[in-house]
Amino acid sequence: MKLVLLLAGFAALAKCSLAAPAGVQKDIPMETSAPEKPSEATTLGLLKTPKPEPKDEEPSPGAFQGDMMLTDDQLRKVEEAIDDQKAGRKKRKATIYESQRWSYKIIPYVIESSSSGQSSLIRSAMDHWEQNTCLRFEPLTSSHSSRLGHTSYISFFRGNGCWSHVGRSFTNQQQISIGPQCGYFGTIVHEIGHAIGFHHEQSRPDRDEYINVHFENVQSGREHNFAKYTWGSVTSSNVEYDVGSIMHYGGYGFSSNGRPTITTIDPRLNSRLGQRTALSAADIELANRIYECDDVEDCSNADECLNGGYHDADCDCVCPSSYSGDLCQDGGPTVRPADCSYRFTEMTGEITSPNYPSNYEDNTACVYEIEGPYGSTIELTFLDMEIETETLCRYDAVEVRKDDINSIGEKFCGNTLPPVQISSSNQMMVSFTSDPSITRRGFKATYVIIIQTTTVFSTTTLQTTPPSTTTLQTTNPSTTTLQTTNPSTTTLQTTDTPVIGSCGGTFVGVEGRVASPNYPNDYDNSLQCDYVIEVDDGRRVELIFEDFGLEDETTCRWDSLMINLGNGIKVGMKMCGREYPAASLVSIGNRMELKLKTDGSVNDRGFVASYRAIDL
């Protein structure tokens, strides 16, 4: 039986659009040969071409991850890093590629005759790096070897595809291929990034905090393009992960079915994936840190950059996205995309696209989070929809994440009302995005939070002094005893035998205990442990936490324990920190599932819980 609580609630949504990144204003040559999206007058929304994936993602023969030519030693180190990441081994010493940086921050180059027609574009891409870092690109001369202490140089040529070697890898010529399809400013900037030592951004081990990789949509045999490295094998210099990095894959690279292979956890940021317009602020900061640019340029007398900005090679402030001004003093939270972010906790409510029922604006990105009490579910009903039509909803769309709000959801567009959406937990995320052209009326929807009355809490007591009772064997090495006092009341008693933790497992029987790996010592990094507790048909699982300690974060996105009460209903919390339910949790059916996930840093003691089979 469901008890639907209807309370008055209405959320008025204000107009919001995604702010363009701001920062140092430079004369950056813009890409002119990229395909333009046709206007509504010529296409009526039916023939538009989706945003193309970066050309550097198209696989070149012999290249790793599409466009990186690695030496045998580099490939061995990368494969070791990937194997270490998969096996959860401790990090190796960071060796990538400090010895392969360009000495004195000078990179000699030649443009071969085959690329003479692209020389202006290539020079513009090098200028872009020079304008924002302390790196200098110099035409190769006979004096370079004596000045720099090596004979290495990069050579641009018209090869087969878009690719580059990584770092200073050879003692003489080091080629960068700018093939016929690669004549784009951003693509050349990307390949130069590899030459100075950058790997792809999505290879970082902390990527799962920012993006989801959808291997189910990846072409068979191309999965290695999405492998992660260990921290010991990347050079991040404490620069935050950046979905807008010019070194990041786009959203549809290596797709087998036209669906995304990468999405951002924050759906408002999906449009930043694969940008090849210019270096991002994080790209610039990373280059300046690994080449120690601030040690070369004396900016000690320059005014301090505000709001996380930093000095470039010319002592100008480079500002984070949404900040501007000489010192990054302008903008900020009032113009950030988060302004179009709404959270609903009332039992009923209404959500609409910005400006509804008038047309929404171009380049809109909004998120609506709905959260109910633990154990509840959410039903979302669309009342009106008029959104630009495209088969896969790649232009404008409303997306509903009804299972895992950090994963990909189902997209809707056009004029057909979607079916009622029902969440599997107490959380649902709805996002709305639009592209740079063609707008419509948008959408209107209402939601109701539903309380499941079948989730009840029975009363139990834990005792540490075991009486003389019958001993039952459980699936783990600890021993528990069950004493029956009368048909309606049972007392669960636990021996003093320490519980032995595990990374997942299946637990059956009348009662037992589960614990995280190494408990009560700290668990390891990079874990995913699945625990299944199952009792006889017709009975329920009752779970009581005895101790709990996981890395704390507001949304539990780093380390977490997720509990599924069965029958598609999830307890609506990713538990973390030191707080846990004081009452017992009872499954909907005869099965309960726990999922422990940890990231690549910061540990805690984990958890231990007792379970038993009960009758309701």
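Just so it is clear, glycine is given a Cβ too, placed from its N, Cα and C backbone atoms.
Annotation comment: Swiss-Prot describes 1-16 as signal peptide, evidence class sequence analysis. According to Swiss-Prot, the feature region 'Disordered' maps to 30-67, 461-491. The domain 'Peptidase M12A' annotation in Swiss-Prot covers 93-294 and rests on sequence analysis. Per Swiss-Prot, disulfide bond is recorded for CYS134-CYS293, CYS162-CYS182, CYS299-CYS317, CYS319-CYS328, CYS340-CYS366, CYS393-CYS413, CYS503-CYS529, CYS556-CYS576. Per Swiss-Prot, domain 'EGF-like' is recorded for 289-329. Sequence annotations record features per position, and here Swiss-Prot assigns domain 'CUB 1' to 340-450 based on sequence analysis.
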Taking just the CA atoms, what is the gap between CYS503 (disulfide bond) and CYS319 (disulfide bond) in Å?
43
Rounded to a whole angstrom, what is the C-alpha distance between CYS529 (disulfide bond) and CYS576 (disulfide bond)?
15
The correct DSSP tally for the domain 'CUB 1' (340-450) reads 1 helix, 54 strand, 56 coil
By the count of other Cβ atoms within 10 Å, pick out the sparsest of the disulfide-bonded residues CYS134, CYS182, CYS328, CYS503, CYS529.
CYS503
If you draw a 10 Å sphere on the Cβ of CYS576 (disulfide bond), how many other Cβ atoms land inside?
23
Overall pLDDT for the domain 'EGF-like' (289-329), taken as the rounded mean:
75
Check the Cα distances from CYS328 (disulfide bond) to each of the disulfide-bonded residues CYS162, CYS182, CYS317, CYS340, CYS366, CYS556 and keep only the ones within 10 Å.
CYS317
Compute the C-alpha separation of CYS340 (disulfide bond) from CYS556 (disulfide bond), stating it in Å without decimals.
22
Three-state secondary structure, which DSSP defines for CYS576 (disulfide bond)
coil
Between the disulfide-bonded residues CYS134, CYS182, CYS317, CYS366, which lies closest to CYS413 (disulfide bond), Cα to Cα?
CYS366
Compare the C-alpha of CYS162 (disulfide bond) with the C-alpha of each of the disulfide-bonded residues CYS134, CYS317, CYS576, and give the closest one.
CYS134
Taking Cα atoms as reference points, rank the disulfide-bonded residues CYS134, CYS182, CYS319 by distance from CYS366 (disulfide bond) and give the first.
CYS319
Tell me, how many other CB atoms lie within 10 A of the CB of CYS413 (disulfide bond), whichever protein chain they belong to?
24
